[in-house]
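Participant: Dropping a structure here in structure tokens format, bear with me for questions.
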């Protein structure tokens, strides 16, 4: 079992700025790992921008900004709660994997009861934000939370736990509902945009999981990276191309034009193609996978939102 003596306190980054007693809780929430926040918050940003671009009526900018802030805070809380919950359930596995054995719970810096309380608090904070949104959002939020709670059990019973992470794609219909648009009024475009988000999430997580694939196999943790170790590249590229085509369909089916095609679809294509080319093969086991995914996700999201914002401005 790892001990506190094996652990080196952070000397830089956001964790180094915290009081020493709170650092383990910051680690538990992964506040030093922005990739997860990008992946959980950016779909809501895209959802708000997409809804603004396709809405039959012009939505006021102040209304859009207000919903964007609430949904971003929701994404922050749910991601934080999900990390703490995941570590609580995975404590036995994390002790046996070199990359995770010094996390707060395995090394004894946070008690299981403390982690459970922190998880409940963060879920509670997220739930309180729903009071500021239309009641329909509670349905989408319940789906997101259910699958967030289910995720850590997936690797024990399935070779495809990454598919559970597609719950993040519910950000698209939730964003639409928050802006008083019924996602079922546009079922095919909504499904296409959601599938595009889901494809990106699964693609990045599979590539990221390759770092631990060998050790996960030894300790019995199941994942798509373990199950499809020999064809990871093909699966990742399949998800990339299908996600890009779904994004294209989601825009075309709602009449979006050249700005969407050039900036949104083009930015998505270039950003994530760059990520795959740098991260697959020998690069999949590199510690740089997270930073590559972070920069690619940021690049793709900026261009995707810019294209949708351009479409919104054209319709003003």
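Even glycines carry a Cβ here, placed using N, Cα and C.
The shown structure was predicted, so the numbers you read here are calculated from the model rather than taken from an experiment.
Okay, these came from Swiss-Prot:
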TRANSMEM  45-65  transmembrane segment
TRANSMEM  69-89  transmembrane segment
TRANSMEM  108-128  transmembrane segment
TRANSMEM  129-149  transmembrane segment
TRANSMEM  163-183  transmembrane segment
TRANSMEM  188-208  transmembrane segment
TRANSMEM  233-253  transmembrane segment
TRANSMEM  256-276  transmembrane segment
TRANSMEM  296-316  transmembrane segment
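Help me picture these features in the structure, burial and contacts included.
Facilitator: Beyond the ends of the transmembrane segment (69-89), by six or more residues, the same chain brings 28-31, 36-37, 39-41, 43-45, 47-48, 103-105, 112, 115-116, 118-119, 122-123, 125-126, 129-130, 132-133, 141, 144-145, 148-149, 151-153, 171, 174-175, 178 to within a C-beta distance below 8 angstroms of the stretch.
Panel annotation: around the transmembrane segment (163-183), residues 39-40, 43-44, 46-48, 50-52, 55, 59, 63-64, 67, 70-71, 75, 133-134, 136-137, 140-141, 143-144, 146-148, 150-151, 154, 190, 193-195, 197-198, 201-202, 205, 224 of the same chain, lying at least six beyond its termini, place a Cβ under 8 Å from a Cβ of the stretch.
Tertiary proximity for the transmembrane segment (188-208) is limited to same-chain residues at least six positions away from its ends with a CB under 8 Å from its CB atoms, namely 39, 43, 46-47, 50, 54, 162-163, 165-166, 168-173, 176, 223-225, 228, 232, 235-236, 239-240, 242-244, 246-247, 249-251, 253-254, 268, 272, 275-276, 279-280, 284, 289-290, 293, 297, 300.
Counting same-chain residues at least six beyond the ends of the transmembrane segment (296-316), those with a Cβ under 8 angstroms from any Cβ of the stretch are 35, 38-39, 42, 45-46, 49-50, 52-53, 58, 200, 204, 247, 256-257, 259-268, 270-272, 274-275.
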Participant: Cβ under 8 Å to the transmembrane segment (256-276), counting only same-chain residues 6 or more beyond its ends: which ones?
Facilitator: 53-54, 196, 200, 203-204, 207, 236-237, 240, 243-244, 247-248, 292-293, 296-297, 299-300, 302-308, 310-311, 314
